[in-house]
Amino acid sequence: MIWANGANSDRLEFSTSKEVTVAPTFEDMHLKESLLRGIYAYGYESPSAVQSRAIVQICKGRDTIAQAQSGTGKTATFSIGILQVIDTVVRETQALVLSPTRELATQIQSVIMALGDYMNVQCHACIGGTNIGEDIRKLDYGQHVVSGTPGRVADMIRRRHLRTRHIKMLVLDEADELLNRGFREQIYDVYRYLPPATQVVVVSATLPYDVLDMTTKFMTDPVRVLVKRDELTLEGIKQYFIAVEKEEWKFDTLCDLYDTLTITQAVIFCNTRRKVDWLTDKMREANFTVSSMHGEMPQKERDSIMQDFRQGNSRVLISTDVWARGIDVQQVSLVINYDLPTNRENYIHRIGRSGRFGRKGVAINFVTSDDVRILRDIELYYSTQIDEMPMNVADLLS
């Protein structure tokens, strides 16, 4: 039984199943080589909490309920699971993802296409409000994965353009929202057309009774994964940008700031492992003391670098996003984005602080003319303001 304290209660006790193990790296998941390449090219270095627990269960074919909010890496969790189990040689729909909104369905399609970049995967977003003729053309051509909203998907199945006989997996993303928006009948409609052995994966931020009621009808002995998100906030963080005309000038700008950096401890983020190595060498050549870390390093080496940094033995750490997720060093009060993050969720992971500590801090973004759009996008996404850096930035840190 999934719930522990009365079926009609909305306060459901939910915990991770005992058989769920943690895969610390993507290599430990025994994924296809072409998929692994896509994962690294997408910018992932190590799996998030939900990814390290749920991907293996999904790949094993288990019905899975993952309670996870957005920002935890849930979309990539089921996308990687889907890409591992489909056979791209067979040009038929083998996985179906239902989402509550058109935007989410389209976003999922782009994640699947990006992660499956080396697999030659066909994925179509089948959503309301778009040209039906285009849907029919795409579906008749053959799609390995369909990501859509329940109404349009049910319609395409009824019209026999979306063929269901090869479907192995159904994913319900944001299941609580799907039911909130009154999609229950359409979901049941779709489910009726699927082969009896279809694997079902449910992802939901909350698990109200109606979600669990649906899972009992659709799922067989589901494995459960619960991941709580560490709420991150930008509150109390002063955010600035420095306009740098050319990429090559970032280095001099960083050197000018070095004395300011070492007032406390600083982390400098670059987007690639190669850039981290390059910047570390260049800083050392210029006689600056820095340490560096990225996902290619053996875990042992990473641990010892982290320990040095935690103890304050090293004051400036250059890293990729591998450092950003969930590593909390109390005394870091300055973060520099040498490169702006390629995906905006990583911005808060780099500079945000978990509410438990609510520390003050300063973030400085190096912005070339190409980056202005990304910076504006970050401001909009987080409803925050990033100002030009004042001259007295050192005073803000001391």
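The backbone N, Cα and C atoms fix where each Cβ goes, glycine too.
Lifted from Swiss-Prot, the feature list:
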- 24-52: motif 'Q motif' (MOTIF)
- 55-225: domain 'Helicase ATP-binding' (DOMAIN)
- Ala68, Gln69, Ser70, Gly71, Thr72, Gly73, Lys74, Thr75: ATP binding site (BINDING)
- 173-176: motif 'DEAD box' (MOTIF)
- 236-397: domain 'Helicase C-terminal' (DOMAIN)
With Cβ-Cβ distances below 8 Å as the criterion, list the same-chain residues six or more beyond the ends of the motif 'DEAD box' (173-176) that contact it, or say none. 74-75, 78, 97-100, 104, 108, 202-208, 211, 214
Quickly jot the same-chain residues contacting the motif 'Q motif' (24-52) by Cβ under 8 Å, restricted to those at least six beyond its ends, or write none. 59, 66, 68, 72-74, 76-77, 80, 83-84, 114-119, 225, 227, 271, 294-295, 299, 320-322, 325-326, 342-343
Could you check what DSSP calls Thr75 (ATP binding site) once collapsed to helix, strand or coil? helix
Secondary-structure category, per DSSP, in which Ala68 (ATP binding site) falls: coil
Mind tallying the motif 'Q motif' (24-52) by DSSP state, helix then strand then coil? 16 helix, 0 strand, 13 coil
Find the average pLDDT over the domain 'Helicase ATP-binding' (55-225) in the predicted model and report it. 93
Give the number of CB atoms, excluding that of Thr75 (ATP binding site) itself, located within 10 Å of its CB. 23
